[in-house]
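**Student:** Below is the structure I would like to discuss, written out as structure tokens.
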Amino acid sequence: MPLTGTMLNKPVLLESLIVFIIVLCVHTVVWDRYSWCVVALAIQAFYVQFKWDRLLRLGGAVFQFRTTANSGLLPASMVIPLLGIVMKERCKAAGTVYFERFGIVVASTGMVLALFLSVIAVGITRPVPTNTCILSGIAGSIILYTMKYSLTVSEVIEVLEVLLIFVYFSMILLYLLPRCFTPGEALLVLGGVSFILKQLIKRSLNVIEGRGDPVHFVLLVAVAGVVLLGIFFTALFFFMDSGTWTSSMFFHMMTAVLGLGVLMPWLYHLIQRNPLLWLLQFLVQTQTRVYLLVYWTLLAASACMVVLYQNSKRSSESKKHQASTITRKYFHFIVVATYIPGLIYDHQLLYIAAVLCLVVFILLEYIRYFRIKPFGQTLRHLLTLFLDERDSGPLILTHIYLLVGMSLPVWLFPRPCAPKGTLPGGGALVPYSGVLAVGVGDTIASIFGSTIGEIKWPGTKKTFEGTMTAIFAQIIAVALILIFDGRVNLNTSYAWILGSISLVSLLEAYTTQIDNLLLPLYLQILLMA
């Protein structure tokens, strides 16, 4: 076996052990027929991920994946099924039948997508791994048997439609964006986008079901819009130079046409109201919202000042100057300062603001990537300073992952299953999962680990001191949340919360995947359980 494979073995095994512990912890609380499926899926994903790792090392994968990390198949395969299962249990306890069934569909979809990715790895591995094929066959049989007696015909069709969208997106985006994802990250990102598009299509066709709180539809339309815009311009600029003024004017014009001529009418169809007037009324509905918007604008301005200041240092000192770890984590502190007031005072405003910020981030990345005039080249120059080893592809995604990781617990919070606006016990901390795992835990671990850390975890660059300070900092953060957010009542869930924070912090120490994306989801799953 090559040296790189030997070096990766120990961290991958320990990462897998942590994921198995999380899976078992969740299913000690919510064990049912789906638990057998998840355990079987986890076992086969553990074996298949080594096949993916071998394919990545030898260059035998169908597409070009990120080479600075392992495949990450096991941790990624568990996220969507576990999220669906804990959502099902919470909604079942609240007596919300529709969202209980929705949780079952989410879990089934996650299992099918993960199994599909495993089958691809097994199919292109030579010689054919007989034992792994048998394990994948057993896991697939258990999943299909359970789905046969758990899902209605319409739900099975819905799962297959998401799989079909996922297959098409994988072929298109992984070809157009080489080295941007590992197989596990592709499963999470493309699987999530595929599920969002399917939900948007479903709700658009069912007008009666689609009517409701407009807040819940903005995310669906926004994600669909930026994804379709990206695919369209990537295909277009494959045949023409994107850096000319003509191409830039066409980019701005088509973006406006898509936004005002397609997405706005689509959103109007869903909410039965003028989207722009609704958004304006929503943003200034209360005085608290106006104060929050002013406060967030000041924080955004301070973040821009940091970027400009760091680039001025590069100009004066050295062209090879790179931002330090502490400087990059400054943006984590800004995001924490942004999200905490929103979580305490206005969840819905934070939801909408995060969606709008995501759209802005992705559009700016398009402008940078395509070198759209007049700001494309400037953005390339400014953002290069903050690159790390995870930005090995043509796109710079770490800042987008940070925003998404902080926002996912807010977007995925099962509000219909929480009649009082919060879940009981540790579930009350679910919206804070991103703040705790990424904003506090990952930031403190990185800063203290890089400055005072001496004892390294086996096989990694992460340190024992960094992990311990991260756990301690998250405990302090939970205590402060209890003081300032009167809706949070943990009852007797302190041991479970401590265990959840510790497991996720250990996962941060060993995973080579995008921790901004993975850690909040695992902490949310554990807290919801």
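Glycine too: its Cβ is placed from the backbone N, Cα and C atoms.
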**Student:** Given the ranges 128-147, 188-207, which one is assigned the annotation transmembrane segment in TrEMBL?
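**Tutor:** Going through 128-147, 188-207 one by one, TrEMBL flags 128-147 as transmembrane segment.
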**Student:** Per the definition of 3+ C-beta pairs under 8 A with sequence separation of 6 or more, do the transmembrane segment (392-412) and the transmembrane segment (291-309) touch?
**Tutor:** no
**Student:** Are there residues at least six beyond either end of the transmembrane segment (250-271) with Cβ under 8 Å to its Cβ atoms? List them, or say none.
**Tutor:** 203-204, 207, 210-212, 214, 217-218, 220-222, 224-225, 228-229, 232-233, 242, 278, 363, 366-367, 370, 372
**Student:** For the transmembrane segment (98-122) and the transmembrane segment (432-452), check the count of CB pairs under 8 Å (sequence separation 6 or more) and say whether it reaches 3 or more.
**Tutor:** no
**Student:** Which sequence-distant residues neighbour the transmembrane segment (12-31)? Criterion: at least 6 residues beyond either end, Cβ under 8 Å.
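**Tutor:** Counting only partners 6 or more residues beyond its ends, the transmembrane segment (12-31) has Cβ contacts under 8 Å with 38-39, 42, 46, 49-50, 53, 70, 74-75, 78, 82, 85-86, 89, 457-459, 499, 503, 506-507, 510-512, 522, 525-526, 529.
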